[in-house]
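As annotated by Swiss-Prot, compositional bias 'Basic residues' applies to 1-13. The region 'Disordered' annotation in Swiss-Prot covers 1-24.
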Amino acid sequence: MLIPRKVKHRKQHHPEQRGIASGGTSVSFGDYGIQALEHAYITNRQIESARIAINRHIKRGGKVWINIFPDRPLTKKPAETRMGSGKGSPEWWVANVKPGRVLFELSYPDEKTARDALTRAIHKLPIKARIVTREEQF
């Protein structure tokens with residue numbers, strides 16, 4: 001699982017989900033990529049699930065890059081707890097994703113297999129996304 005090693009503050013405010021991505025909008029490492037089309041919080045478990053889906057489909061001969069990192073904690077209070085008494089404890093680590101951000105990149109010689117692998121990964125993510133190539137832009 002992807003989690004930060006050390007954080008300055010254990011609990012944070014929720015980041016705003018508005019605007020479009022200013023950086024990381026083009027495929028820079030691989031040949032194909034998954035580009036987000038809407039705002040979302042993507043958890044470390046969802047990132048890991050998508051990575052496993054890609055790796056199982058391509059088997060060997062390809063390389064995968066993960067361009068997002070879950071660096072924000074989301075908190076939750078226990079069930080059946082009265083209101084008040086402070087903020088809940090951190091439960092998940094999430095990455096704040098904006099439209100246009102390239103989440104995963106893949107380098108693989110066969111285009112059809114690469115697109116199938118990325119499609120499987122998109123189904124594991126909680127957002128609408130599309131497959132882009134190195135030549136395409138947002």
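Cβ atoms are placed via backbone N, Cα and C, with glycine included.
Beyond the region 'Disordered' (1-24), the same-chain residues lying 6 or more positions past its ends with a Cβ under 8 Å from any Cβ of the stretch are 36, 39-41, 44-45, 47-48, 66-67, 69-75, 87, 90, 93, 96-102, 138. The DSSP breakdown of the region 'Disordered' (1-24) into helical (H, G, I), extended (E, B) and coil residues amounts to 0 helix, 0 strand, 24 coil.
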